[in-house]
Amino acid sequence: MLDFFTIFSKGGIVLWCFQGAGVTESFAGPVNALIRSVILQERSGNNSFTHEALSLKYKLDNEFELIFVVGFQKILTLTYVDKFIDDVQLHFRDRYKNELEQKGALKLLNNSFEFEDDFKRLLREAEESCKVRSPPIMRSFKESEKSQKTVKSMIETKGGDKGKEQGGKKNKNAKKEAEPAKGDQGKTSSSGQKMVENGNQNLSAEEIVRKNREEFFRKRMAGPSEKSSKSPKPQKPKGKQNRIWNMGGNSTKELDYSDKNGNGSPNGGEQNPETQFDPEMQPTSMKGDLLSVEYESSDEEEMEEEDEEVIVRETSKPSAKKGRGLFGMLKGLVGSKSLTRDDMEPVLEKMRDHLITKNVAADIASQLCDSVAKKLEGKVMGTFTTVASTVKQALQDSLVQILQPKRRVDILRDVMEAQSQRRPFVITFCGVNGVGKSTNLAKISFWLIENGFTVLIAACDTFRAGAVEQLRTHQRRLNSLHPAEKHGGRPVVQLYEKGYGKDAAGIAMEAIAYARNQAFDVVLVDTAGRMQDNAPLMTALAKLIAVNMPDLVLFVGEALVGNEAVDQLVKFNQALADHSMSDKPRLIDGIVLTKFDTIDDKLLSGQPIVFVGTGQTYNDLRSLNARAVVSALMKA
């Protein structure tokens, strides 16, 4: 029934393995896939993994740093596997405890683990216990309650319904009448406190009304005095005055308001120094690699440490009575204690709620916390460390591991490699409507120009009105920042456009051919915004990518929508795979995350985030700092 069972250390040393009868294929491939996809990525929230036709179950032993893996055919339903792998772990630990406590790879290699007899005995017991449980027998129709009903009982009559309704109303009225009677009995037997609370019991209706009026007027009179004691609210600054436009007049000087301040009043030709334009002001240089997103300050980290201490105090309240004083406090801090699920559960619950409030999807937050719990369960804590600090550090490490790109994305190096092959490096931008594809394309163009590359922009958004004009404006501004005279008389940015209503894939192909003939270094392909459920537009995008085979496909998503951007990315990938004609469709390679400066709650995704947009100028382009994002995510 089982294909294989293996026990190995986290260092990669196989301590013992078993291979089922008739199994000829090596289990190294599925186990290596498990290590790459789950264990190294620290995604151990779910203890199952599927690789081709095999289903793998695994168990982590954090105390001895062991991993137990069992594999069987995916079509089989083996209910005893979870209990069986737990039993094998306990027996193996108990039998070779002394050998496992010896640290070092050489000592593990020198020891021999003869575990086959115990393994077969445990497997036989697990299979027999599964056979003993007989499946429940389905009862016949005659034994069911439905067979006892007659046709007469299923017929509804108007008179019967009315009788039921009247009877129901009578029952309700009877209950209402019975409740005051019970209430009177309760009042006579109640204590003096209830008499004080129900002080209106012995008063007449007029006295109750008079008493309520006095309380009402007393509250009204006390209200203004309490409000006056509070500090006065600061006055709001005066807003901009509305400008009155006259119908007549032909003088253009009257329409020139450039020498007036924000309120529309003349100010002697002088402007506010903050709003004054400096003709010498130029965007700062972006030569070299992009700056990363700023990291959080140490003062905020100190505040977070204080919050951790509060969490520790709250979670240690039940055990506070047992050890008070200095020794009790030291007992809670000093290490050499194995963590259990019960110790971590209160802290994990608070961490899960915190992630959900930070716009992390509830299922992702639960999987993260479960993964951290499995990673830390049985681990021995260090000296003078708390449970909260240990759990938080493990959660931060897991988040950083998720945000780190799984493959190298070095655009400058890739462009230089394409230069050596005498071909342009092609980047295609795609995404939903209004996320900032054209704007961030212009920012990336400026960054590439600063690094000495020439750029050709392909206007493949032939649907949105004004898309070509927007790119032409960016081209004109970029060429003014880098005049052609400084680059041998050749403009560093050119726009390739064919107007509106044309085939986007054909325009992209012509632009790439033109860039190859004119020796451009980079081609940036701007596409029309589209929703992931629009089948015709997704088919056109899949065609554009399949025909032109760009070097990099970037998905542009805004951070404002939170986890909706992750859902859009997943559906974009699925739509590209569904609408592609190839067996190996080209999918999205990375993300451009826009409007990152407008939010505090950041975004989690498995795809590499190549660029981060942090503002509205050409300089507002950053690379992702995973630790900065995790720090913002964990900040209270």
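A Cβ is built for glycine as well, from the same backbone N, Cα and C atoms used for every other residue.
The region 'Disordered' annotation in TrEMBL covers 137-285 (among others).
The annotation compositional bias 'Basic and acidic residues' is assigned in TrEMBL to 158-185 (among others).
Under the heading compositional bias 'Polar residues', TrEMBL lists 186-204 (among others).
Summarising the annotation, TrEMBL assigns compositional bias 'Basic and acidic residues' to 207-218 (among others).
Taken from TrEMBL, the feature compositional bias 'Polar residues' covers 260-275 (among others).
The feature compositional bias 'Acidic residues' is assigned by TrEMBL to 298-309.
TrEMBL lists 298-317 (among others) with the feature region 'Disordered'.
TrEMBL lists 608-621 with the feature domain 'SRP54-type proteins GTP-binding'. If one looks beyond the domain 'SRP54-type proteins GTP-binding' (608-621) by at least 6 residues along the same chain, the residues whose Cβ comes under 8 Å of a Cβ in the stretch are 283-284, 286, 290, 293, 403, 405-407, 409, 411, 436, 439-440, 442-444, 446-447, 478, 481, 554, 589-597.
Counted with DSSP, the compositional bias 'Basic and acidic residues' (207-218) comes out as 12 helix, 0 strand, 0 coil. Averaged across the domain 'SRP54-type proteins GTP-binding' (608-621), pLDDT in this predicted model comes to 83. Helix, strand and coil counts under DSSP for the domain 'SRP54-type proteins GTP-binding' (608-621) come to 0 helix, 6 strand, 8 coil.
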